[in-house]
Amino acid sequence: MRILGLTGSIGMGKSTTARLFAEAGVPVYDADATVHQIYEGEAAPAVETAFPGTTVNGKVDRALLSARVLHDAAAMQRLEAIVHPMLRAHHQQFLADAEKSGAPVAVVDVPLLYETGGDARVDAVVVVTTSHQVQRARILARQGMTDEKLDALLARQLPDAEKRQRADFVVDTSNGLEPVRAQIREILAATAKMPQRRA
């Protein structure tokens, strides 16, 4: 089985691209969805211990937690030390299940793939991109998003140009869904011929 790492900066259309891979029959691991899942369960006690007052009714309140860690690198590292081992366990289970199902390709949708060294654990990287103007408009349309929050989020991510340069495949979401579907078909055809590369 070949593993594709799907990544892209916030607002590039990565979630839509992941959904289109899933529609094409490819198993997709969604790191963000897994974070939401563990915040509602297994991570909540450890997060509350490390960041008192950030859980409500036994679940992590993401807005409260974000306010505590967004501008504090040490706090972010403490949070990542709690969450990343749990994410790795879920990720490994997903890959085992995908392999067992006989899927020729699986996609792991990880926002900070390059930033966390995840590109070494996949066979190829797909970077999702769009124009800077479209990206900002998409993000600022989200509830609760501000220019300050957006700039803080982007500061933690590699620039889009660098991600595109390092990518094996680039998917441009600027022109609607049909071009993205066509790009996905091309990627899946190319992936079938690729040697396994991951460590």
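Every residue number used here counts from 1 along the chain in the order it is shown.
Positions of Cβ are set from backbone N, Cα and C atoms, glycine also.
Annotated features in Swiss-Prot:
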DOMAIN    3-199  domain 'DPCK'
BINDING   G11, M12, G13, K14, S15, T16  ATP binding site
Chain-internal residues near M12 (ATP binding site), provided their CB is under 8 angstroms and they sit 6+ positions away
V128, T129, T130, Q135, D160, T173
Taking the Cβ of S15 (ATP binding site) as reference, which residues of that chain separated by at least 6 in sequence fall under 8 Å from it?
D30, D32, D109
Within its own chain, what residues at least 6 apart in sequence put their Cβ under 8 Å from the Cβ of K14 (ATP binding site), listed in sequence order?
L6, T7, G8, D109, P111, V128
Neighbouring C-beta atoms (10 Å sphere around the C-beta of G13 (ATP binding site)):
21
Take the Cβ of G11 (ATP binding site) and count every other Cβ within 10 Å, whichever protein chain it belongs to.
24
Intrachain C-beta neighbours of T16 (ATP binding site), sequence separation six or more, cut-off 8 angstroms:
T173, L177, V180
Environment of G11, M12, G13, K14, S15, T16, the listed ATP site - residues of the same chain whose CB lies within 8 A of the CB centroid:
G8, T17, V128, T130, R138, T173
Any idea what the model's mean pLDDT is for the domain 'DPCK' (3-199)?
92
Is S15 (ATP binding site) helix, strand or coil when read with DSSP?
helix
